[in-house]
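Copied over from TrEMBL:
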type: COMPBIAS; residues: 419-429; note: compositional bias 'Basic and acidic residues'
type: REGION; residues: 419-458; note: region 'Disordered'
type: TRANSMEM; residues: 119-136; note: transmembrane segment
type: TRANSMEM; residues: 142-164; note: transmembrane segment
type: TRANSMEM; residues: 176-199; note: transmembrane segment
type: TRANSMEM; residues: 219-237; note: transmembrane segment
type: TRANSMEM; residues: 244-266; note: transmembrane segment
type: TRANSMEM; residues: 272-296; note: transmembrane segment
type: TRANSMEM; residues: 317-337; note: transmembrane segment
Amino acid sequence: MQLTIPTDSREAVVGILDARELAFTMTQEVSQREYDLVISVPVETDAVEDLLDAFRSVGVERNGFAVISDVEAVLSDELTDEKEDEPNKQNERLIQTDRISRDELRAQAAEMAAVTPNYVIFTVISAVVAGAGLLADSAAVVVGSMVIAPLLGPAVGASVGSIVNDDDLFRTGVKAQLLGLGLAVFSATLFAFAAKYTVMPNTDIRSLSEVAARVNPGALSLVVALGSGAAGALSLSAGASAPLVGVMIAAALIPPAAAVGLGVAYADSVLVISAGILVLVNVLSINFASLGVLWVRGYRPDHWFEQETARRITLQRIGVLVVGIAVLSSFLVVTTIDVQENAQFESSVEQAAAESELQVLSTTVEYETELFSRTPRLVVVQAVADDGAADQLRERIQARTALDVPVVIVREDVERSGTEAPALDRSRLDSVQPPHDYRRLPAAPRQHRPPSVGGFAI
């Protein structure tokens, strides 16, 4: 830490340093300004905030200024010996994680939350790349889009502004988040429209696994967002490297925002609504987690008379975030319950098939996706079976699940050693007519299957 102060502040500053038994150097300031002395002192990271508060109490903030910088190394046997002679403090440092001072935190958050041309450009690029990854059904490309997304700063900046009672920083962080998400959705929408009318005009985007993962998300998505916000606040307050944590925050925001853009371009209202809710839940959760972490870490405003105001404002904003998260998360809970029910249905189908006289090779359940739910629409079984087996299996499934779902059996013939597999016989596809409730459902999308191997012919 380097202090530049007038001569009349020398006694007070030196007294503070001596009381803490800190080694320091003092030199004369010769730039002919209103300052006379320059004091340099090496300070442990976790002691910076307390020292700054002490200097502020004697007027250094009004009559001088302090500069804080990172020190890569200190070559001093004396300082090393002092550390070795304080085992109790070393044990405390093992338990307590170092954190940067309030002023350093505010300065870093203000810099990261600022809306700059680079922020806009990287947000647009990350959204376009995420959209391309979703349409290409490539998880690697989607992950790559997260790396370049600059969304950590605004999310944590708003929380820092609340904690230290800095309304300007809070507003900057909120505006940057809204602008970033708006740009991401808009950019992904334009890209998706371009792809729709050029290279992918007839694509069923829900058949893409990366897009399907953003349709009707479950409650586990909330865990990702909360972990992202907590990790972002911890990394910033510890002065650690933030880019890797920024990837985690981007993982909760950029892909679903890009999915909203794809849903708009391809006129998929279910995708737009479900991915949009996921974006909102994640934004609120990230802000809630980062706000809570910074409060627990002990950050408060500079002056004692501001602390009560900051506490009241922080609690109010936490309350708003909790209510918003609770309302939006109810949709995720409904989806999670639906996923569990479908898993139970699939298990019942497998048990019913296993108890039948079929030689089952595989079972597949196809669903009709609606908002916040998926309804079983068809059961496809690959098996060695006799005529009429589909009716029998359908009855077994209905008895177990109370659901009357159409059953299709793709009959298999086993190729014996030394013979060739028989040709495909379409007449041996045994199926039943769907009940009245299912006749109006659209046909299941075709799935491209690899050529049969191992002696089986479909």
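Residue numbering: from 1, along the chain as shown.
Backbone N, Cα and C atoms are what each Cβ position is placed from, and that goes for glycine too.
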Candidates 142-164, 219-237, 272-296; stretch with most C-beta pairs under 8 Å toward the transmembrane segment (119-136): 142-164
Which of 142-164, 176-199, 219-237 contacts the transmembrane segment (244-266) most, counting Cβ pairs under 8 Å: 176-199
Other parts of the chain folded back onto the transmembrane segment (142-164), taken as Cβ under 8 Å at six or more residues beyond its ends: 102, 105-106, 109-114, 118-119, 122-123, 125-127, 129-130, 133-134, 170-174, 176-177, 180, 210, 229, 232-233, 236, 242-243, 245-247, 249-251, 253-255, 258, 283, 286-287, 290-291, 294-295, 299-302, 310, 313-314, 317
Seg_contact(the transmembrane segment (219-237), the transmembrane segment (272-296)) with at least 3 CB pairs under 8 angstroms, min sep 6: yes
